[in-house]
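S.K.: As listed in TrEMBL for this protein:
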type	residues	note
DOMAIN	3-113	domain 'Response regulatory'
MOD_RES	D52	4-aspartylphosphate
Amino acid sequence: MADILIVDADTGVLSTLGLLIAAEGYVVRTATNGNDALNLARASCPDVLISDSRTPGLSGPALVREMRKDPVLATVPVILTYNGALPPRVRVFRFLRKPLRYARLLKVLHRAEQLVARRDARGQPGDWRLTRRNLKGQPKPG
């Protein structure tokens, strides 16, 4: 299953989401602020990022902008959650309004995972997974 990085300053939300998503078979990592999330993503690129738009340090939109500058992280699908008004214009896979409906989140997460799988299957040039595998000396899938 996919590696999911979840970012939210609310530790209750973070814990609940982490447990629910892990119960679906996903590998889950968490961060309570955008700076830690960026460091975790750079250390081990997630398949999908789920982030609140209002996180300490780097906000959700600022985190996405930083990820888009990094060639390894640029293609990671991002699900950005928000409360109230939509966050400033930023390129993400989906926006989800809080409070989150778990069934909706799972549906969007599955779609993001399918996008990643299709991209991997096509072996697009510049695909970060192929690049990482090649750098680590691991065989290409197939």
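Glycine is no exception: its Cβ is also placed from the backbone N, Cα and C atoms.
It should be emphasised that the depicted structure is a prediction, and the values quoted were computed from it without experimental measurement.
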S.K.: Restricting to the same chain and to sequence separations of six or more, state which residues have a Cβ under 8 Å from that of D52 (4-aspartylphosphate).
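M.R.: Sequence-distant Cβ neighbours: V7, D8, A9, D10, V13, G60, L80, T81, Y82, N83, K98.
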S.K.: Using DSSP, tally how many residues of the domain 'Response regulatory' (3-113) sit in helix, strand and coil.
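M.R.: With helix first, then strand, then coil, the domain 'Response regulatory' (3-113) has 45 helix, 24 strand, 42 coil.
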S.K.: Roughly where does the domain 'Response regulatory' (3-113) sit in mean pLDDT, to the nearest integer?
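M.R.: Mean per-residue confidence for the domain 'Response regulatory' (3-113): 95 out of 100.
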